[in-house]
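As given in Swiss-Prot:
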- SER100: active site, phosphoserine intermediate (ACT_SITE)
- SER100, ASP239, ASP241, ASP243: Mg(2+) binding site (BINDING)
- SER100: phosphoserine (MOD_RES)
Amino acid sequence: MGKFFGTDGVRGVANEGLTPELAFKLGRFGGYVLTKDSERPRILIGRDTRVSGHMLEGALLAGLLSIGAEVMRLGVISTPGVAYLTKATSAQAGVMISASHNPVEDNGIKFFGPDGFKLTDAQENEIESLMEGEDNLPRPTGADIGVVNDYFEGGQKYLSYLKDTIDNDFEGIHIAIDCANGATSSLATHLFADLEADIYSIGSSPDGLNINDGFGSTHPEKLQEFVVEKNADIGLAFDGDGDRLIAVDEKGNLVDGDKIMFICAKYMHEIGMLRKDTVVSTVMSNLGFYKALENIGLNSNKTSVGDRYVMEEMRQNGYNLGGEQSGHIIFLDYITTGDGMLSAIQLVNVMRETGKPLSELADEMVVFPQVLKNVRVMDKNQALSSSVLLDEVDAVEKELGEDGRVLVRPSGTEPLVRVMVEAKTKEECEQYADRIVSVIEQHLGA
């Protein structure tokens with residue numbers, strides 16, 4: 001990670017860390033790096049529903065226009081919508097203004113290349129290098145200054161594409177949706193209405209301040225109650241920018257990203273669409289996920305935590321399904337990033353094709369109890385290479401055998417070591433996690 005770019009673009013508290021001045025620079029230098037080979041580059045901009053979106057869009061727009069770009073404003077749209085439309089309209093770049101599932105105070109700016117994929121590390125480094133130096137970029141004048149046009153119908157083009165990924169309608173299926181008062185608030189309602197589902201919605205009345213506030217994929221409790229109250233067949237919870245999906249079965253039980261991936265992987269395998277019989281996930285996926293795949297003869301590849309690492313593995317090795325327990329699920333045959341609405345219609349389509357309720361599909365994967373504990377340390381990297389810790393982890397893994405697992409990893413942002421244990425019972429998880437935590441605190445703690 002660089003000075004400005006993190007694991008998912010540039011993020012910060014809007015008007016403090018992520019200021020209009022910084023947004024202008026990102027537009028000017030980011031736009032230049034992505035479009036320097038084009039005489040009149042076309043760049044798409046989308047945003048979520050945060051109150052700071054207009055402010056940052058205006059500043060970003062000014063930066064892009066200052067390098068002579070033709071900017072197409074998409075208005076409120078999901079992150080995957082921007083990624084899809086960037087490629088579909090042959091634009092030179094796309095930009096999304098969102099902080100995903102973060103609170104309303106935060107915002108972010110994320111770029112996509114002409115292929116619809118996020119930027120490479122090399123591209124981000126080039127942008128940062130220009131931002132930290134003297135501004136010697138060309139400054140067009142007169143008719144060469146950039147122009148801006150609205151392309152609000154882009155959202156409908158994106159929805160039409162999503163519908164074309166399946167052959168069924170959803171007539172007679174009762175669907176409850178929670179849009180986190182975010183980017184999918186209008187889009188998801190239109191999508192499922194067009195597919196003839198019976199829709200009930202919550203979290204679909206954004207006011208600029210209520211995004212992710214008690215609703216959406218990181219707060220599914222209200223949706224669980226709503227599904228039972230409305231006697232719905234399925235609940236679908238999206239996050240603020242629409243790149244995640246967490247589902248709820250007809251009984252009100254959570255169906256997380258692991259279960260959604262398993263359900264879709266099994267169906268794709270049965271119809272011959274799962275490439276190399278493999279699903280890509282992160283090390284945080286539940287042990288039950290791996291065992292369920294193994295039981296039906298499928299393989300799994302593990303990556304570090306983060307959807308960018310899942311995507312790298314998929315692209316490098318030709319896989320077409322991957323994701324995270326948190327609900328980032330990538331169907332690479334269709335789109336170049338995680339997409340909550342695409343994941344949702346693929347999941348509902350499996351219900352339609354199999355005739356099975358979601359609870360029955362989800363119950364084929366048995367979730368192992370899991371405990372996650374954080375321990376503050378002096379040096380997290382030194383702690384992870386400590387022989388005393390490695391010996392204790394090895395001892396616990398031998399005792400667990402194939403009925404559990406241990407994962408010890410550093411926090412990405414704090415001086416913490418995270419200890420995750422999965423086992424057959426919650427009591428075993430607690431017992432083994434406490435053993436490892438005790439060793440860290442005694443020998444390596446802050």
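Placement of Cβ uses the backbone N, Cα and C atoms for every residue, glycine included.
Just so it is clear, the model here is predicted, and its values are computed rather than measured.
Around the residue listed as 'active site, phosphoserine intermediate', the same-chain residues six or more apart in sequence whose CB sits under 8 Å from its CB are ASP8, THR79, GLY108, ASP239, GLY240, ASP241, ASP243, ARG244, listed in sequence order.
Secondary structure from DSSP puts ASP241 (Mg(2+) binding site) in coil.
The record gives SER100, ASP239, ASP241, ASP243 for Mg(2+). Within 8 Å of the mean position of their Cβ atoms, the other Cβ atoms in that chain belong to ASP48, SER78, THR79, SER98, HIS101, GLY182, ALA183, PHE238, GLY240, GLY242, ARG244, GLY340.
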